[in-house]
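Taken from Swiss-Prot, the feature domain '4Fe-4S ferredoxin-type 1' covers 26-56. The [4Fe-4S] cluster 1 binding site annotation in Swiss-Prot covers 36, 39, 42, 89. Residues annotated as [4Fe-4S] cluster 2 binding site in Swiss-Prot: 46, 79, 82, 85. Taken from Swiss-Prot, the feature domain '4Fe-4S ferredoxin-type 2' covers 67-99.
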C-alpha cells in the first residue's frame, strides 16, 4: 500500500470537483460524494470491475483524500456509465455523475482516453459516433428501413452544422483533431 504524503494532497480537490460538476448537474448531485463511507457496494456491483482492475470505490476515495492524480488515471475512463453503482449505493452517492465530472475535468486538462477521442473524431468526420458501414446499410434494407438513417452522417448541411458547433466549442482542440488529415493528431 502506498503512503500518502500530505504535501502531495490537494486539500481543496473534493470542493473543486463539486464546483466543476454543480454547473451542469447541480450542487446536491456532486456534493453527494461527501456521504460516501467506502462500503464497496459500487465496486462489487460494477460490470467493468469484473473484467478490469477498475475499482469505483478507489476512485471516490482518491477524490475524498485530495489525490488529484486520479485525473491522470485510466480508471475514470473504464466506467461504462451503466448506473448500477448509482442505483445500489446505500448512501445515495451519485457515483456515475461524479465520474462524468472527473472525466470533464480531466479532458479540460488534456487527459482523455484514446477510445473516447476516437469516438469523438467519428462525430467530426461522419456526423455520427457510430457511422453506418456497408453492412449496416445492407441490413437496414433487409429490415425494410431506408438505407440511410436520418442523421448528420448523410446530410452535408447537417454535418457542416455539427462541425461548426464543434469548432465554436473548441471540442476539436480538446480531442486534438487534425482537420487536414480528418483524423486525430498523433
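Glycine residues also receive a Cβ, built from the backbone N, Cα and C atoms like all the rest.
Feature annotations (Swiss-Prot) mapped to structure.
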residue	record	DSSP (3 states)
36	[4Fe-4S] cluster 1 binding site	coil
42	[4Fe-4S] cluster 1 binding site	helix
79	[4Fe-4S] cluster 2 binding site	coil
85	[4Fe-4S] cluster 2 binding site	helix
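Residue 85 ([4Fe-4S] cluster 2 binding site) is surrounded by 27 other CB atoms, counting those within 10 A of its CB over all protein chains shown.
Cβ proximity to the [4Fe-4S] cluster 1 site centre (mean Cβ of 36, 39, 42, 89, cutoff 8 Å) flags the following additional same-chain residues: 37, 38, 40, 41, 56, 57, 60, 85, 90, 91, 93, 95. Around the Cβ of residue 79 ([4Fe-4S] cluster 2 binding site), the same chain contributes 46, 48, 54, 56, 96, 99, each under 8 angstroms and 6 or more positions distant in sequence. Counted over every protein chain shown, other Cβ atoms within 10 Å are most numerous around 42 among the binding-site residues 36, 39, 42, 82. Here the CA atom of residue 42 ([4Fe-4S] cluster 1 binding site) lies 4 Å from the CA atom of residue 85 ([4Fe-4S] cluster 2 binding site).
Taking the C-alpha positions, the distance from residue 36 ([4Fe-4S] cluster 1 binding site) to residue 82 ([4Fe-4S] cluster 2 binding site) comes to 19 Å. Taking only the Cα positions, the spacing between residue 82 ([4Fe-4S] cluster 2 binding site) and residue 42 ([4Fe-4S] cluster 1 binding site) is 11 angstrom.
Listed in chain order, the extra residues whose Cβ falls within 8 Å of the Cβ center of the [4Fe-4S] cluster 2 site residues 46, 79, 82, 85 are 42, 45, 47, 48, 49, 56, 80, 81, 83, 84, 86, 95, 96, 99. Just so you know, the Cβ of residue 89 ([4Fe-4S] cluster 1 binding site) picks up 21 other Cβ atoms within 10 Å once every protein chain is counted.
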